[in-house]
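Q: Take a look at this one; I'll ask things after.
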Amino acid sequence: MSKGTASMGKRQKRTHAKCRRCGSVSLNVHTKQCTSCGFGKTSRMRTYKWQAKCKY
């Protein structure tokens, strides 16, 4: 039950793959959801108001 250097060597599997909708390497292999565009979770593209720079 260690959480140090010895357990870090066991991390070998890929968590994220390339998304086929947005192309970024953000598609979670286990949940099959893209954290960048929302593919697999919603049919619309994932966007938020806080992503854009403020005009003033």
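Any Cβ shown, glycine's included, is placed from N, Cα and C.
Pulled the feature table from Swiss-Prot, pasting it below:
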BINDING   CYS19, CYS22, CYS34, CYS37  Zn(2+) binding site
ZN_FING   19-37  zinc finger
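Could you place the listed features in the three-dimensional structure?
A: A strand conformation is recorded for CYS34 (Zn(2+) binding site) in the three-state DSSP classification. Its own atom aside, the Cβ of CYS34 (Zn(2+) binding site) has 26 Cβ atoms within 10 angstroms in the protein chains shown.
Counting only same-chain residues 6+ beyond the ends of the zinc finger (19-37), those with a CB under 8 A from a CB of the stretch are 13, 45-46.
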Q: Counting only other Cβ atoms and using a 10 Å cut-off, which of the binding-site residues CYS19, CYS22, CYS37 scores lowest?
A: CYS22
